[in-house]
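Chemist: Pulled these features from Swiss-Prot for this protein:
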{"type": "ACT_SITE", "residues": "Tyr134", "note": "active site, proton donor/acceptor"}
{"type": "ACT_SITE", "residues": "Lys162", "note": "active site, schiff-base intermediate with substrate"}
{"type": "BINDING", "residues": "Thr46, Val204", "note": "pyruvate binding site"}
{"type": "SITE", "residues": "Thr45", "note": "site 'Part of a proton relay during catalysis'"}
{"type": "SITE", "residues": "Tyr108", "note": "site 'Part of a proton relay during catalysis'"}
Amino acid sequence: MNIGRIVTAMVTPFNEQDQVNLEATCQLVNELIANGSDALVVGGTTGESPTLTTDEKMALFHTVVEAAGGRVPVIAGTGSNNTRASIELSKKVEDLGVDGIMLVTPYYNKPSQEGLFQHFKAISESTSLPIMLYNIPGRSGVNLDAETTLRLAELRNIVSIKEASGNLDQIAEIIEHSPADFSVYSGDDSLTLPLLSIGGTGVVSVASHIIGNEMQEMVQLFLSGQVERAAAIHRKLLPLMKTLFMTPNPTAVKAALELKGLPVGHVRLPLVPLTAEEQRQLELAINPQFNMFVS
């Protein structure tokens, strides 16, 4: 499964009635494709998946596949902390035309490494779709160790991982010892360039909603050997990347998209909108050099 270098973990637009806004979703898909996204992850944790019903997820997946129209791969977020529910949803999306699925590490129940292995193995055996694992210990409460990831990488349809542990030693071990066709993506925007430097593939990004073309330029410069120019862009983008995570994701990036004129709406409870001070910080971080204008 070739999904490129800059993969955007899409937010889920909501309207004023707190319903999924499918019209705005189509608009967002077109905006992201036009601005540097090589692939889209839909209904993941950036898409507030724990707050979505199964029917909402299915409608979202269908809408994004239709809107993308084969221009970029679409990855459906079907993971949860319920193995059986993840299996059921992974089976359901096979008929929608998605190109793969993403499975987050189970949150709250804190399984052992063997429990994590068996969870992902059971889901992989239930579907023919390519699978991207998603390790995010800061939110799930458990780290998917390198050894466990490498065991999973041997399974036929587990083909990549979004690594958001922030542990470059662990990530380097995975890159060094995984099969040649196993792809490792950064799950942290700010670690995109460092991960590329140790042999990673790219990033599953939140910031690409706002600075996708700039991130794409950074990656392409690095790949062409222009490391100093890539590093300069990295340093330039870093303050905005950090600001987008000053509150629980995706609160700030949704506010930033609204500033760009994209009607993605609010976050669902239990998340809450930015405070006035946080909004001010966000507006200061949206630099005119990115051709972003705050009205």
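Residue numbering: from 1, along the chain as shown.
For all residues, glycine too, the Cβ spot is worked out from N, Cα and C.
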Chemist: Rounded to a whole angstrom, what is the C-alpha distance between the residue listed as 'active site, schiff-base intermediate with substrate' and Thr45 (site 'Part of a proton relay during catalysis')?
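Modeler: Distance (Cα to Cα, whole Å): 12 Å.
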Chemist: For Thr45 (site 'Part of a proton relay during catalysis'), which residues of its chain lie six or more apart in sequence with Cβ-Cβ distance below 8 Å?
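Modeler: Looking at Cβ-Cβ distances below 8 Å from Thr45 (site 'Part of a proton relay during catalysis'), excluding near sequence neighbours, one finds Ala9, Gly77, Val104, Tyr134, Ile136, Arg139, Asn249.
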Chemist: Can you grab the distance from Thr46 (pyruvate binding site) over to Tyr108 (site 'Part of a proton relay during catalysis')? Cα atoms, rounded to a whole Å.
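Modeler: On Cα coordinates alone, these residues lie 17 Å apart.
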Chemist: By a simple count, how many Cβ atoms lie within 10 Å of the Cβ of Thr46 (pyruvate binding site), its own Cβ left out?
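Modeler: Counting Cβ neighbours of Thr46 (pyruvate binding site) within 10 Å gives 22.
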Chemist: Between the Cα atoms of Val204 (pyruvate binding site) and Tyr108 (site 'Part of a proton relay during catalysis'), what distance do you get, rounded to the nearest Å?
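Modeler: Each residue's Cα considered, Val204 (pyruvate binding site) and Tyr108 (site 'Part of a proton relay during catalysis') end up 23 Å apart.
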Chemist: Which number gives the other C-beta atoms within 10 angstroms of the C-beta of Tyr108 (site 'Part of a proton relay during catalysis'), all protein chains shown included?
Modeler: 9
